[in-house]
Amino acid sequence: MALNDCFLLNLEVDHFMHCNISSHSADLPVNDDWSHPGILYVIPAVYGVIILIGLIGNITLIKIFCTVKSMRNVPNLFISSLALGDLLLLITCAPVDASRYLADRWLFGRIGCKLIPFIQLTSVGVSVFTLTALSADRYKAIVRPMDIQASHALMKICLKAAFIWIISMLLAIPEAVFSDLHPFHEESTNQTFISCAPYPHSNELHPKIHSMASFLVFYVIPLSIISVYYYFIAKNLIQSAYNLPVEGNIHVKKQIESRKRLAKTVLVFVGLFAFCWLPNHVIYLYRSYHYSEVDTSMLHFVTSICARLLAFTNSCVNPFALYLLSKSFRKQFNTQLLCCQPGLIIRSHSTGRSTTCMTSLKSTNPSVATFSLINGNICHERYV
């Protein structure tokens, strides 16, 4: 087998596909430890762990939102939509990715070749656009609280979440259109392997445009918008800390701390997404601009696998980051998994008024309004 025939490059899934798993079928110029079939079985096992952990976390998160009425607020709806997108990716794309290390050909036919890339890009779009919407929601709650509309707020957010899904699917349509099966003939054994490629019949310009457009639309532009939102959020929180009014000081401090916690949670989600998907985008760009070459170095092979696994890991870490950052979600998570009774929600009452302090993703009653004094302005809001 020729050197360039050892691995088949698939730009869509960003990793190498072994043309022949058995180390006895060819004299491969790689380390025997890595070419041993047992090593290739470890990779699908890692995929299996990621899928299992992701299923547990995301299904539990969605179940909490669906079954616990008090948890159905604006941020939680966005986070549930995020979990649904991650769940879709883990159920469909992750097993397909893992199968490439166990088989030497594409197993899912022409329909699967068009459907899997479509689902994958839809899920990525849902993730990054939902994070952008969450950041915008935190910006509005902290910087422009007077703009919050209490009436039909949850319904409006449902429509926004649905719009994000529609936009993500529309942007993923080209993946389904251009992806197709591609025959790969190995002259030494006179065998033909079938692979799934996003643009099997195009020139070198197409992958360059595709990789750069994906990097900009699904990474750079959304994260830039999020950065602008968080600049103004940080600026407002710093100003609020120095401009607290004398009256109602304790209540305002509590509300600022509440919003800081939720803003921190969203920022952690954004950071995890940026960290997990950057290597995948970088490798995709590298391959697209070296489309006519096949890098068969072990460093590139290992880096590609790690980048791919890291990208799928992003679909399972959010529920557990939420578990660590939110006491209320941690309580509900333990209730769902350990079948224990949730604790009572304690509200503080004073003469002639009742105040509910809403914390990060904390259970709230939509019928209870909260009056706040932020930067000297009295605002009325129902969702934080």
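Note: Cβ is positioned from N, Cα and C throughout, glycine not excepted.
With respect to the membrane, Swiss-Prot annotates ASN190 and GLN332 as residing on opposing sides. Swiss-Prot gives the label N-linked glycosylation site to one of ASN20, ASN190, namely ASN20. Per Swiss-Prot, CYS113 makes its disulfide bond with CYS196 among CYS19, CYS66, CYS158, CYS196. Every protein chain considered, the tally of other Cβ atoms within 10 Å of the Cβ of CYS113 (disulfide bond) stands at 24. For CYS196 (disulfide bond), the Cβ neighbour count at a 10 Å cut-off comes to 26, with all displayed protein chains included.
A contact between the transmembrane segment (209-234) and the transmembrane segment (77-96) is absent, since fewer than 3 of their C-beta pairs, 6 or more residues apart, lie under 8 Å. Counted over residue pairs separated by six or more positions, the transmembrane segment (39-62) shares at least 3 Cβ pairs under 8 angstroms with the transmembrane segment (299-325), which defines the two as touching.
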